[in-house]
Amino acid sequence: MSKKVVVIGSTNVDKVLNVDKYALPGETLAVENHQESHGGGKGANQAIAAARSGADTTFITKLGDDEDAKFMIEGFKKDGMNIDSVITTQARQTGQAYITVDSTGQNSIYVYGGANMSMTPADVDQHEDAIKNADRAIAQLEIPVPTIIEAFKIAKKNEVQTILNPAPAKKLPEELLQLTDIITPNETEAEALTGIKVIDDDSMMKNAEYFFKLGIRMVIITVGDKGSFYATPASHAFIPAFKVKAVDTTAAGDTFIGALASRLDLNSANIRDAMLYANHASSLTVQVAGAQNSIPYEKDVLDVISKTSKTKEAIEKEKKQAAEYAAAQVPNHIVLGLGSGSTAAYFVKAINERIKKEGLDIQCVATSVGTEKLAESLGMPMLDVNTIDRVDLTVDGADAVDDKLNGIKGGGAALLFEKLVATMSDKNIWIVDSTKYHKTLAGQKLPVEVIPFGGMGVFRYLNEAGYKPEFRFRDDGDILQTDSGNYLIDITIPDDADLAKLAHNLKNYTGVVEHGLFLNICDQLIIGGDKVRVIDRPKEETKK
Ligand SMILES: Nc1ncnc2c1ncn2[C@@H]1O[C@H](COP(=O)(O)OP(=O)(O)OP(=O)(O)O)[C@@H](O)[C@H]1O
Ligand SMILES: [K+]
């Protein structure tokens, strides 16, 4: 189960200086904060990441005969790595990176390759066995390219899988790429090799095809906080990153590769699970300052994975509880609006059961293509929304609701039809899990549906007005289109927002079709839980 990984690569000691501002040429500045030395170097980071994720890891690296080397070897031992192939030279010092970070978080880095750059093919030959005995070998570009070629030749001769992390970005001889089974560039590194800019799913596939032609079997492109993409000649997918508060992304890419190498089966059958694991691992790394100290252990990664799946399960349960509670309240002989999204889907199934079991006379109207398909597949009695002018009751989910029962909808991209049906409904009931209920809507994401032609104009306006707009993309990287073929722009509701004014302003902007603010629409909110909570709109508040 546990993979045998050999990393052939660099070790650096990072010397970090925190400065208020950079010194100009000829200028001397006094510095108050001097951080201790930290372990670094892409080879060491990836080896540590693999070891901490449970791989049986051997590291082939070259160090000087100095204090830095002792410091690094101590760390390797603590992480349980096999250090029999750590080479020491008298001729050069251990690699060093001089990093200055200014008060804005910007950094500038000078790297002294030192012993790393003196690692020769002959050094690798000396440790041939370490490569032969591994399942997979990983290399990066902080050691001389001929040395990597030699290591990969040994690997290929012995049917050991090769992973090349082509970082830092540079052009490479085809010989090396032809010896590579899996390549793992980030977007900049991919472009440096292929000349094809990574902008969307299509361009990632074009990058992948470039590498396939050279005999590479799998391409993984990491795209920072957006996530990561994998492609083999048989399949491909984009896996979004987890939303976390990033404080320092140093070692994110290295963590991703080490973690992936420790999980991925040799036949790559579990690629999605391995990518998810690597995504989780690197999302932990970016939440901690520094490089090697921020690389998580297997236990930490598995903990977040299990917490995420437990939270997910609990949320699904609450959605279902709210939906079933609502379904039980629906009166007979009505026209019923069916909302969209995952919570509404639970409701559709629950009310369908009641209609069938109790022989109810209920006609239904769907608020999205998705809901219509679901209802039809269940054989429910459906009305065309164009043939009616009122609905008795609509039951729908919501993305966020405040304590005045104002809410945001449209996370599932069906906001236009949802709003149409909601405004023709005599009564609107919203069903949510407890994570959707908030004191205020400030800080929440609000979808704005715009016509594709002119969408950029709206985007610019929203940006200038400080709403932090972002176009909505699908998981595969393509721009998302709503059921009516429009685009969605997500904005963030400001702290001091007057919701009624915001709704009015958005609606008045040319090119905006609809927005996701649903004010004075919800009459009753049902929040799932072991004890379901029901909140009614206060009587004195006027409707619509
Ligand atoms: N801000 C972030 N939030 C969540 N996950 C992130 C973030 N940044 C990076 N990641 C995760 O780390 C992976 C690798 O990141 P990235 O593409 O930035 O690598 P990189 O450019 O090689 O990074 P570095 O050189 O800083 O180590 C991403 O695919 C993603 O899973
Ligand atoms: K970090």
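Here the Cβ of each residue, glycine as well, is placed from N, Cα and C on the backbone.
Annotated ATP binding in TrEMBL involves Thr222, Val223, Gly224, Asp225, Lys226, Gly227, Gly253, Asp254, Asn279 plus, out of the candidates Asn186, Asn207, Asn293, the residue Asn186.
Asp225 (ATP binding site) is surrounded by 14 other CB atoms, counting those within 10 A of its CB over all protein chains shown. Between the CA atoms of Asp248 (K(+) binding site) and Asn186 (ATP binding site) there is a gap of 17 Å. Proximity to ligand 1 at the level of Cβ atoms, with a cut-off under 6 angstroms, picks out Asn186, Asp225, Asp254 from the recorded positions Gly41, Asn186, Asp225, Asp254, Val288, Gly290. Checking the binding-site residues Val223, Thr250, Thr285, Ser342, Gly397 against ligand 2, the ones with a C-beta less than 6 Å from an atom of that molecule are Thr250, Thr285. DSSP classifies Asn12 (substrate binding site) as strand under the three-state reduction. By a simple count of nearby Cβ atoms, those within 10 Å, the most crowded of the binding-site residues Gly41, Gly397 is Gly41.
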